[in-house]
Amino acid sequence: MARAAAPERRVLAVYTGGTIGMRSQQGVLVPGGGLATILRALPMFHDQEHAQVCSLPNDTLVLPPAGPDQRIIYTVLECQPLFDSSDMTITEWVQIAQTIERHYDQYHGFVVIHGTDTMAFAASVLSFMLENLQKPVILTGAQVPIHALWNDGRENLLGALLMAGQYIIPEVCLFFQNQLFRGNRATKVDNRRFAAFCSPNLPPLATVGVDITINRELVRKASSKDRLVVCSRMERDVGLLRLFPGIPASLVRAFLQPPLKGVVMETFGSGNGPTKPDLLQELQAAAERGLVIVNCTHCLQGTVTSDYASGTALAGAGVISGFDMTSEAALAKLSYVLGQPGLSLDDRKKLLAQDLRGEMTLPAVDECWSSLQGSTLSRAVSWLLRLSISQEAEALRDALMPSLALAAAHSGDLEALQALEELGSGLSLEDPIGQTLLRVAAQRGHAGVVAMLLQRGVDVNARDQDGPSPLLLAVRGRHRGVTGLLRAAGACLSPQELEDAGTELCRLASRADSEGLRVWWQAGADLGQPGYDGRSALHMVEAAGNPEVSAVLQSLEGGVGAQA
Ligand SMILES: NC(=O)C[C@H](N)C(=O)O
């Protein structure tokens, strides 16, 4: 994103409304028109003399010189009607994207002047809608109207115009209080201070002080030279559900009803949620009928992990990790992915797991594997198949195959794994951090891959020194099919895993989670194993007197002989 060299840079500013141009009417702020007229009267926004010398048309403004011999010439396009951004919807954002598309060739950069209340949503949606973007699109606005004596609108708008005019940053960004954020990483955090936005999980792309500092390694490269495409087919039946302690399953059920097709679920801490079985059942039932549920933490900063059983229980119920995405970005991505025509549910889930526009940070391991999915993985494998036989080619093939095989196990791509096997890939390989194909596939619940590996005689109990066994990984994810396959092939929980299970079983029993107990039982856990306080799941169920779970436990205990 070099600084642009041309002496004259043209910027289109699309004015959609927001506080920046608002007027007070009967004591309240309402959107106000005529922004270009206000700017024309402010010398920092318009060099009248230069405009006359160059005979610029009436609707065109020119900034004072931005650098030696550099001028930013801009036009303000005022939308009709103007909005308080609380009223903006996908319809208006599609119109903004189409406006940019119509004027794409005439301008070097674009500024979208928008209300701050939903600016992070707008920036996120635009980042997905504008495909093959090669020019900057920068959203900005203000906390105080630009015509007030003391305001932030002037600095914000001037900064956005300078950024859009001077730099080749091919991204949808948000400029506020001297910071340029990636649009789909920003969120509004304050409604009084001028520093209204932050980007909790990604540093700013640029900061403006005495100098402008561009964080070059963060700025995305234009993904292709193809023409800009506006993806206006965004799914509107998506929603946002914030969990709270004790949320009733009935409320979740009511929320997840059709026509809803996708939901971003804001969870606690590292992506954890209540493990009440009735709630997990509602989520699982919804996921099974095709509703896509993305897990985002309600914390401002941090990512969804699989550190806690209460998080893996959600994953086991079919909830997809949104890692460190903001809820705004996750909702926009869901709307974009579900709006794409002709994709299977599986394809959509794979797209959601990928970083499409710099909106999320994948854990290092997932980043490598998820970028190697679907057609990319197939292409890599068929390229290996076509390599002509030479010593170098063989060495290259041997070096690449383990990563490709792990990527195939991670995404459940049986075909790719079979092709790699034909090429001579070992199926018992282990990467430097102790990952094996079986562990990866078991954790993600890919029964087809697990079955294939077991058929080929992979050691069912192979684990690294302190890592969990494949069986424990399957149990934590509540993958009953995979658990059954592993058990049938002779998998056992280690003595330590069996001992540690006591506390987890007690927790499940205290919540009457018969599904959770069932999968542990299926894995060979002893329901009489004491937890940390000496009590077992059986004691707890007896004490609680829950007849339903007692019946399940009795039926399981009755079948203990048959489980192994
Ligand atoms: N500061 C602002 O722009 C807030 C205004 N309510 C809006 O979002 O349009």
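All positions are counted from 1 along the displayed chain.
Keep in mind that glycine also has a Cβ here, set from the backbone N, Cα and C atoms.
Automatic, uncurated: that is what TrEMBL annotation is.
Since we're looking at a predicted model, the values are computed, not measured.
Annotation source TrEMBL lists domain 'L-asparaginase N-terminal' at 10-219.
Taken from TrEMBL, the feature substrate binding site applies to S85, T116, D117. The Cβ neighbour count for S85 (substrate binding site), using a 10 Å radius over every protein chain in view, is 20. Look at S85 (substrate binding site): DSSP puts it in a helix.
Residues or ranges marked as active site by TrEMBL: T116. In sequence order, G18, T19, S85, G141, A142, Q143, F176, K188, N191, A196, F197 are the residues of the chain that are 6 or more apart from T116 (substrate binding site) and have a CB within less than 8 Å of its CB.
Look at TrEMBL and you will find 237-350 tagged as domain 'Asparaginase/glutaminase C-terminal'. As a whole-number mean, the pLDDT of the domain 'Asparaginase/glutaminase C-terminal' (237-350) in this prediction is 95.
Under 8 Å from some Cβ of the repeat 'ANK' (433-465) lie the Cβ atoms of residues 316, 365, 405-406, 408-410, 412-414, 417-418, 421, 427, 471, 473-474, 476-477, 479, 481-482, 485-486, 489-492, 494, all in the same chain and six or more residues away from its ends. If you look up TrEMBL, you'll see 433-465 marked as repeat 'ANK'.
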Remaining residues near the recorded substrate site, that is with C-beta within 8 Å of the centroid of the site residues S85, T116, D117
G18, T19, D84, S86, H114, G115, T118, M119, G141, K188
Which chain-mates of D117 (substrate binding site) that are at least 6 residues away have a CB under 8 A from its CB, listed by sequence?
D84, S85, S86, K188
